[in-house]
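First comes the structure, then the notes that go with it.
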Amino acid sequence: MKGEFAIIFAAFFGGIFLGEHSLGSTIIRISIYLLLIFAFELLFYYNNSETLDNQLNLSKNTIHLASGIITFIIFIIKLLLWLLNVLVDTAVELSDSADSSENEYPENIPPDVWQIRDKIINHRGSLDLVISDLIASGIEAEGLMNLVDYINSGNYLSNVTEKDESEHLFVIKICGNIYNFNLSPNSIQKIFPSSSSFLIVIYSCLVCYGSCFFALSINSQLSNGERWWVALICAISTFTILNPTDSDPYITKFPDHWTGCARPLAICIICGIWYFFIYLDKNYSIISIKFFYDLKINWEIISPYADFFCWCGLIFLPFWMFLGLVGHPISVIIAVIESFNRYIFGQNGIENIFHLLVQLLRGAGSTAIIWALIDYQWNGLTLAASISIATLIGTFPVFVHKKQIQAWVVTFGYPLLLASLSFVISYCLVHLLNNRWNIISWVAFGWLLFADVVFPYFKSYERYFLFHFKVLNSIPGSVIFRNLTQLFISPLFIASALYQSNMHKLIIACAIVHSVHKSNSEPHIFAFAVWLTVLTFPREFNLNSPSMNLIFSLLIASKMEIFIPQAEIIFRSRLEIETEYIIESNNFFTALFSIAFMIYQIIPLPDYVIKLPSLIWSFFTGSSHSAFKGIPFFLSFGPIRPFYFYDWPVSEDHDIESVFTKKVGEHPIEEPVYASASRALCSELATILRSGRLGLVNAGDMFLFKCENITAYVHIIVIEPASIKIQVRGIEYSSQTICHENEENVLGGLILGYSIFPNFSAAFASSHCVYDIRALDLPLEMYDVTRIKVSSAFVGATASSVLLSFLASFGMNYKKRRIQSSYLQPMPSQFEEEARQFNSREKMRSMLQLFEININEEELTLLNTFFTMICMTILDSTGNLRTSEIVDIFKGILSFREEFTWIYSIPSLFSEFVIPTVRIGIGLVFLVSSGILGDNDNDIEPFVLYAEEIIRDYLITTLNSFEFNQGFFHEKRKRIFSLEKISNEDFVLRFNMYDVPWNVFKLRHEWIRALWNNEARDLLFYHNDDTERMSIQYNPAFLNNMILQACDLPIGYPAYVSKIMDSFINPFSL
């Protein structure tokens, strides 16, 4: 069963019939599938006549027992499969019979690609990373993708199973003993796929038990006609634990071993919520929340609607799965805990699972300490101490780098300063002065509104209706000015608002932790909460409890931070006109179009029928939309994901240097530039954001940094009080598609025309497109790379200047490393005539005199002969460089004549003298070819002096060398010279470090997530790999092509993706 119907069928029924399987494995799978259906049908119809009370009380033990039995069986099977998987991973094949298939491969797969098929079949972790590494190593991309498609189709596995497995013998070592067995690494996949880790086994059992227990517990709420269907759904979900589907609508990588847990987790969540509603039905008719404005909820009215939504969620679960509402089983849990941290502790974003646990422990620990303190005694002193404790725990760095340890006074002293001032301000100005709330509230409101909302808004380029400009230029001390909020205003307001609170002490503790963290990390969001507390609730709703107003305001502000971008993209996703012409005009015509489209965007049209349900889903779950086929008009439901878009866990997480070393061969132009930009952003971006130069920034925001044709995406994943966590994505610029180039031109045109006030085009783009200018010419100290074709790089070099350049390089290395004359050999007689043109005996004598090196005539002759041999190898008969072999020569691949191969026999001579001489010489030839030394081609002295300057100022080496890594990342050499082959062309590469001016756009990150959601579904679920599909076409308003390139493999094809990096704030930056 193939094609789209099979994919749809798999989404509904678990994919039991997908793929090619042997008859025996098919029978086993179908048998277990039917047994699970029978078991669940039996359990759902058991005791179906009992009342609700009996169902909840009398049959609870039965439900526990049935759920436990099913889970135990699943656990045993998954555990055995995992153990077998571990065993076969260590097995060694002794026989050579497997080689009989070496010559049997499809025609569209090259032989060298076919040889590496085992790396694809037996990979661990992300297949995308394996493929990327193989392509980077030089494997043909098209043939490799054909191999992956062939293996994934099941044909390879089915062909292997047809062979006589008795010919294969494997051995394994257990406890020092060798055992023979006939299991191959592929045999284990015949019945059920094995788990890649023990964590999957444990997680599978947890969701299996939860789904069984809660589904059986709500049995009484279902009619007889509904029971058989829910039993079938439960059986399918349990079966997918054993046989995960190949792909689901939510996956972002392939294969994904977690897909088997998605359906049981969805059932567990839906039925668990329903079970909670049943508990409320039984125990509460009126829910009274006294501390929350004395709120009373009539649950009897709400209950039928709540039950109906749960009923719809369960009955139509296969349909929701197909639509993409069900998320990745790990991502959903991460997103739920991330949301818990956001609303309870005021935290923003998660880097990875470890960081999630650290944040959870930090928030919970701080809350527990404060709760214990204020529960022991509640007064102004304990309140001030609580705010101080929350400040210290929330701002004290947990993850620090070497640079921060070196600046330990600032790194660890500033949190202590914040905590100390928080206590002093809270105690002295609130408790000792008897809490002047009316004064404090308005002072704090005014300060926060100006310093944390208006000030950063004025310091960045923003839209003011039809105009677009920046009000304030760079102001010294902006960071220190904005830090006054942390130091004085926030603790003063928090203490004053909570001073006379009579709420439960746990709620007060949570409020303190939340407000302290929010005010230190996202003060503009805290300013919005203060606005609601001071102005909106008391004056509009007559709610006069400052403490309760603050808590409710913090929750609303946290929700609006997520929901407003989701709503904006709903109401600003109709622009389907020639945007570039409107932007290029930049006149009153553009202003008229802006007004017309403002009206057009808010007019209710049929597209709202699709968009509004997605918006409602986003409001309750926090999930992003999905842009169907990349069309802005058709935004639909998306799965629940954390701020970090991709499915968890994140594997292969490397530092900047590791990523660079791994990928530089694949993208030799882009990789160094983006790696350097990443380093510069790590050093400066957090301080730039705190200064307000990029306006108001939330966790989850995405910025586009553009410098000429270089484009980097910066994803703000986490904002913490002392740092931010970012990820940098770079797209190709040395090789661009037409769609990419056209979208780049739109952005470039917007930048070029920005100086024409009042910038109607920028205002139009800000209102109706997904990009908005935030900063122009933002300097970052980083490397820029210039590439010149080898064919034109040495045009200005004459034969004499080439010879003198290499002679100067030879002399500089000889000065540094004296060569023993016993190593050198005379010139063979048959080469004396050819060597005469390279004879530099007298010039070498002059050069050595410059270095004050005295050698005898015999040594001089041998040294000149050695230099001549090198020149005969790297120069042609005319005395010019062999440009056709220049890259190989630069990399140390020298084709010495057979009579000269004695040079290889002395490793130190070749590696420590010949290669540096050749590289420095090539660099010197390139630099003097511009005529910097004039026509002085007969005097060695200028070349020697210039060679000394080059060696001092330049690092000349290959891109994948240790020296390049050290100079690029640690020593930060100002200039680096190298040669590299790019797309079968030879280039000279020059790296220069200086302040590169970047133009910064803020992107509507919800559109990026919507586009990535759709592309993941289109490529990995529907297998739509049409190179002309609509979602990647040129779109000047929404930048579809450029945005999709930045997505991770296999959805996009970025030139560079960094790890999630820390950027620390310098609180005393001027």
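Cβ coordinates are placed from backbone N, Cα and C, and glycine is handled just like the others.
Taken from TrEMBL, the feature domain 'Pecanex C-terminal' covers 888-1066.
Per TrEMBL, transmembrane segment is recorded for 28-45 (among others).
The transmembrane segment annotation in TrEMBL covers 65-84 (among others). Beyond the ends of the transmembrane segment (65-84), by six or more residues, the same chain brings 39, 43, 183, 188, 192-195, 197-198, 200-201, 204-205, 208-209, 212-213, 216, 238, 241-242 to within a C-beta distance below 8 angstroms of the stretch.
For 197-216 (among others), the entry in TrEMBL reads transmembrane segment. With a cut-off of 8 Å between Cβ atoms, the residues of this chain six or more beyond the transmembrane segment (197-216) that come close are 43-44, 63-64, 66-68, 70-71, 74-75, 78-79, 82, 230, 234, 237-238, 241, 257-258, 260-261, 263-265, 267-268, 271-272, 274-275, 314, 329.
Per TrEMBL, transmembrane segment is recorded for 228-245 (among others). Long-range Cβ contacts of the transmembrane segment (228-245) within its own chain (Cβ-Cβ under 8 Å, at least 6 residues beyond either end) map to 10-11, 13-16, 18, 29, 32-33, 36-37, 39-41, 43-44, 70, 74, 77-78, 192-193, 204, 207-208, 211-212, 215, 222, 256-264, 266-267, 314-315, 317-318.
Per TrEMBL, the feature transmembrane segment maps to 257-280 (among others). Long-range contacts of the transmembrane segment (257-280) within its own chain (CB-CB distance under 8 A, at least 6 residues past either end) are made by residues 14, 52, 56, 193, 195-197, 200, 203-204, 207-208, 210-211, 214-215, 217-218, 221, 233-234, 236-238, 240-248, 250-251, 287, 299, 303, 306-307, 310-311, 313-314, 317, 320-321, 326-330, 332-333, 647.
Counting same-chain residues at least six beyond the ends of the transmembrane segment (326-344), those with a Cβ under 8 angstroms from any Cβ of the stretch are 203, 207, 248-252, 256, 258-259, 261-263, 265-266, 269, 317, 320, 350, 353, 356, 359-360, 363, 367, 510, 513-514, 555, 558-559, 562, 622-623, 639-643, 647-649. Feature annotation from TrEMBL assigns transmembrane segment to 326-344 (among others).
Marked as transmembrane segment by TrEMBL: 356-374 (among others).
As annotated by TrEMBL, transmembrane segment applies to 380-400 (among others).
Annotation source TrEMBL lists transmembrane segment at 412-433 (among others).
As annotated by TrEMBL, transmembrane segment applies to 585-603 (among others).
The transmembrane segment feature in TrEMBL is assigned to 615-635 (among others). Same-chain neighbours of the transmembrane segment (615-635): 324-325, 327, 335, 339, 562-563, 566-567, 569-570, 573-576, 607, 641, 1006-1007, 1009-1011, 1013-1015, 1017-1018, 1029-1033, 1035, 1037-1038, 1040, 1044, counting only residues six or more beyond its ends whose CB sits under 8 Å from a CB of the stretch.
For 790-812 (among others), the entry in TrEMBL reads transmembrane segment.
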Under an 8 Å Cβ to Cβ limit, what residues of the same chain, 6 or more beyond the ends of the transmembrane segment (380-400), are close to it?
-> 355, 358, 362, 365-366, 369-370, 373-374, 411-412, 414-416, 418-420, 422-423, 426-427, 430-432, 491, 494-495, 498-499, 509, 512-513, 516-517, 520, 721-723, 1062, 1064
For the transmembrane segment (28-45), find every same-chain residue at least 6 residues outside the stretch whose CB is under 8 Å from a CB in it, and list them.
-> 16, 21, 66, 70, 191-192, 216, 219, 222, 224, 227-228, 230-232, 234-235, 238-239, 242-243
Under an 8 Å Cβ to Cβ limit, what residues of the same chain, 6 or more beyond the ends of the transmembrane segment (412-433), are close to it?
-> 379-381, 383-385, 387-389, 391-392, 395-397, 440, 486-488, 491-492, 494-496, 499, 516, 520, 722, 1067
